[in-house]
Amino acid sequence: MARRRGGAAAAAASPAVVGAISVMAVVYYSTVFVFLDHWLGLGTTAGAAHAAAVSLAVAACFFAFVCAAAADPGAVPKSFAPDAEAAQGQGLKSRYCDKCCMFKPPRSHHCKVCKRCVLKMDHHCVWINNCVGYANYKAFIICVLNATIGSLYSFVIFLCDVLFTEHEFDIVYVKMVYILAGVLLFFLSLTIGSLLCWHIYLLCHNMTTIEYREAVRAKWLAKKSGQKYRHRFDLGMRKNIQMIMGPNILCWLCPTATGHLKDGTEFQITNN
């Protein structure tokens, strides 16, 4: 996995990145040292087991977060030149970026924030201060997966603490802490969980967020003309997942296992 210019230091310079890391730290501390400790006690076997599980989820999320933020999402090679015959045979048009003054491969787009073209660009994520593209999409989706697991786990521990133990809610600050924590954990679980479901859908159809928006109009035009639309890069669920996560299922949850990725300038298309 190639590193972006400036690496982790460039990502850490963003207030949004600092905010995301701060939320991870607050959720972890409150879950383990407040809610879990009050519910079961960290000295018990069950409490220690839950603490270890939460720590593992947060550590995995943070590692994938750093990988997605520090990695280069995919730069167009300076030597790239479109193959006119191959592109015409696949129904793809060669595109020229007026801002970068160079040709860009299929599925590449120019990012206004990064001020360059990104291979298979999905979107620019402010929370990692980086584009999500061909080279770091796997790390991004693993980060979202672990964040969803961690936030749901924390929310369940919070509910168990509230429902199964006694609290001094007549004290104002105790009541406020639990209300704010409940709202935060519910909001995180809902939003990050929804984001995960969205990217699982895109992953299974080998589609980016930008391509989905383009496909909406394409579906409408196909329906209007009495045809059935299928995304040209959709090779079937199994192959779509393997193209992003890798052929070895044991490496799917490792954000640095990206040896299966090529240069990101050519993509297989469906014959249908």
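Residue 1 is the first one shown; counting continues down the chain.
A Cβ is built for glycine as well, from the same backbone N, Cα and C atoms used for every other residue.
TrEMBL does not curate its annotations; it predicts them automatically.
What TrEMBL says about this protein:
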| type | residues | note |
| --- | --- | --- |
| DOMAIN | 94-213 | domain 'Palmitoyltransferase DHHC' |
| TRANSMEM | 12-36 | transmembrane segment |
| TRANSMEM | 48-71 | transmembrane segment |
| TRANSMEM | 139-164 | transmembrane segment |
| TRANSMEM | 176-203 | transmembrane segment |
Most Cβ pairs under 8 Å with the transmembrane segment (12-36), selected from 48-71, 139-164, 176-203: 48-71
Three-state composition of the domain 'Palmitoyltransferase DHHC' (94-213), taking helix and strand from DSSP: 66 helix, 18 strand, 36 coil
Overall pLDDT for the domain 'Palmitoyltransferase DHHC' (94-213), taken as the rounded mean: 95
Non-local residues, at least 6 beyond the ends, that sit with Cβ under 8 Å of the transmembrane segment (176-203): 23, 27, 30, 34-35, 122, 140-141, 144-145, 147-148, 151-152, 154-155, 158, 162, 167, 169, 209, 212, 240-241, 244-245
